[in-house]
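Noted in TrEMBL for the protein shown:
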- 12-32: transmembrane segment (TRANSMEM)
- 200-221: transmembrane segment (TRANSMEM)
- 234-283: domain 'PAS' (DOMAIN)
- 344-389: domain 'PAS' (DOMAIN)
- 417-469: domain 'PAC' (DOMAIN)
- 501-634: domain 'GGDEF' (DOMAIN)
- 643-897: domain 'EAL' (DOMAIN)
Amino acid sequence: MLQQPLSRRMLPLAYALVVMLATILGLTWFALQTQVTLAGFLNSESVWSKAQKQAVIALDAYAVTGSPADLAGFWQNYSVLDSDRLARDEIASGSFDQEVVDRAFVHGNVMPTAKPGMIFVLEHFSGAPYLRDALAAWRSSDAEIAQLASIAKELEHTHAAGASSAEQAAIQRGRIHALNDSIEPKANRFSLEIARGTTWMGHMLFIGVLSAACIAVLLWLDMARRTLVSIRGSEERYRLLFDSAADAIVMVDEASGRILDVNRTASAWTGRSADELVGDRFVHLFTQSMAGQQTGRAAANVLLGAKGQTRPVETQTSLVNWGSQPVRQAIIRDISERVAMERERRIAAEALASIAEGVIIADAGRLVISTNAAHAELTGFTSQALQGRRLDDTRRLPGGQPLPRSIWDSVAAGHNWMGEVVSLRSDGSSYPEHLSLSTIRDADDQVVYYVAVLTDIHEAKANQHRLEQMARHDPLTGLVNRAEFERHCAEAIAVAERERLAAVVLFIDLDAFKIVNDSYSHAIGDRLLVKVAERIRRQLSEGDVAGRIGGDEFTVLIPRLILREDARAIVSRLLASLSEPLLVDDYEIVLSASIGVAGYPLDGDNALALIANADAAMYAAKTEERNAFRFYTPMMHADTRRRLQLAAELRQALARNEFHLVFQPSVELRSGRIVAVEALLRWQHPERGEVLPAEFIPVAESLGLIRRIDEWVMQTTCAQIQAWDLAGVPPIRVAVNISARWFGHPAFVDGVSRNLQSRRLAPGRLLLEITESAMLRLGDDIERTMQTLHTLGIAVAIDDFGTGYSSMAYLKLPAVTCLKIDRSFVTGLPGDGNDAAITVAMLAMAKSLGLITIAEGIETEAQHEFLLRSGCIEGQGYLYSYPLRPEEVQRLLCPSQPSVPMRLKLVPPKRS
């Protein structure tokens, strides 16, 4: 009889004993450590109480004698009290300094071995019974002890000054006694609570350790009892399991090959009792032809039964320990049903092989039994790969849904089912097929097998789809054509009207696509359009529709939105995706796009209106700022025409020399002396007249012309400064406004430096003005640029300060020397209290940072007087002068020239 060795059965019991002993030893160690900690608390309490009493005695004596020894004795004892208090408060803080606590404990004569435990208890168990009350009593005496220290300092000062008297000493002693009377009950309470806590903790430890040890012993005894009971009952359970097994089990001696034991199934199959089988050779149970296969992991044998009957069996043997004896356990399984089924499958497989269509045979549970060769050729799945899988595992309805239960119920009821499904191939691809389902039934009309016959209809579907694609889609990109897109729009508008939703149309135009066609060829352009269409498709959700209207113009329909503005996120994704480089053949092409957005019902109630208005919004985006999008507004048609005209004229303005500079003087407020001029750009249009920067600068930025204009302004300004120098005009500072786009360009500093060197101008002659809002857009690069300018000696002024985020960090950048106060604050001076307060604050801040302040837009003498009194250094405005042409500046500043023109108005110098 096979059984587990006793030593192995007792092994868990031994492990449990080791764990129990380790637990008791751990608890004992913990109790000892806790006793050490409690001894530390008692020792510390004793030291503290003694130090407190000795401190009072020494201080009382010092009040009478004035002896330095008494004073030293007081401070020595007081230091013990203070060190204990310091350690206690440091630990109570939560994140204490271990070194501070260690020094305090050493000074307080705390037992070294007790320190870790005392720190742990004070940190985690300060709310425990008795300890909480003891700490409260201890803390309550802090104020009186501190007063003792104060009295000691007063007595020390009195004795040092020789002003001590018996009356004063009596008064101080009275205070000392009163404080001692207050401290003593608290100290007694502290000592009592520590003692009671120590006693309580000792009792708890004794009870806890004893209880834990008792529980551990009881658990181990219970486990030992259960193990012994298990050992006694295991043989009976094993015999029961051994005899009730459905397979025949035979125990064979490894050395002799003779049978040691058999179960009832083995006796029944062989027709011999257990007594007859025990002692016989194991190989005699099988036919002679199979006798050589009695060993090994698994072997097919023919078992001899009563009266010479045989049955096919499968034998699996393994080497096991039976007590202390190695034996081979043989498990013999009847495989008669399996052999019969395999015979039936062979017959069915031969029949299936002759059928041209794919055929699947499944059992009553719809688990695949076999498939024919035509099915394997069609799907790539071998019959073995599908065996045991459900017949419909690799098939779905055309919509992606699994075959519904109603189909199987109908087939099970005796009806045939035929229809189109999508079938999965072994490589993961799918194809459409025509599927026919039927059943094979037994004599009781019960379903035995399901039969599926399938035909590939991929080619027929592909031809049908190809015709539909040609009629509804763009042949180049595969996107829907205009007619199909309009149909989708009409459907989306109908749904939106019925459900009170929005539907949005996007009109996408590629920026500068003509350049690609002209530069690379139309073939490259066509391939580029295909890749653009793929990127657009990847950004869309299910239900969205993308179309190509023609050329480089695309449309997108986004149905079922709550608001038109909800399309903002997908538009941003489209812009980001289309701005990434595209690899076409060996060329890397970088594009951008302009997108117009129009939505139902706000911007139109039919497909044609939405497409037309989205087109207008796209042109507005392309005109104002490329690689951007705009929502449609009714004014866009007129604005688009006006901006297109202005943009076309602006492109020619530089070539036609239509730009010129004027210069706004900046005066020193206290003296009225002109100290600088600011270069201002003007466009003298041949038909419109003078066009102000506020109108044409945004257009220049959207067209990408702003850098060229900035460079022209810099070159012209430097040339004008040189011309003034040659004419003998006294040198003054000239300020030039710089756009964020040029300031952030890698070549900006080199460009400025080159202009100064070519005109042989000192760097200090220029002051570069940049708005604080532009600085915010420059990011981390601004500090590096400012440092380089500072190294070159070129100064920077922050323009329009106070109108943006007003980050104080910019004022500390190396090259910043000037701060310009925006005219929006100056206009309200001096009457507007808010403007006045803000202006005064900015002037005070600039003064503290050593910055020059320049106020813009000064138009009245009251504004001049207020700014002068508030500490402003320079000012600009019509009060002093309108912007002047270069020759007017020269006549104004050069002593040899005639007097100032009449339109120049200078305020007389103000003295205070």
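Using the three backbone atoms N, Cα and C, a Cβ is placed for every residue, glycine included.
According to DSSP, the domain 'PAC' (417-469) comprises 12 helix, 30 strand, 11 coil. The domain 'PAC' (417-469) scores a mean pLDDT of 86 in the predicted structure.
Summarised by DSSP class, the composition of the domain 'PAS' (234-283) is 24 helix, 12 strand, 14 coil.
Broken down by DSSP into helix, strand and coil, the domain 'PAS' (344-389) contains 20 helix, 11 strand, 15 coil.
Taken residue by residue, the domain 'GGDEF' (501-634) breaks down under DSSP into 58 helix, 41 strand, 35 coil.
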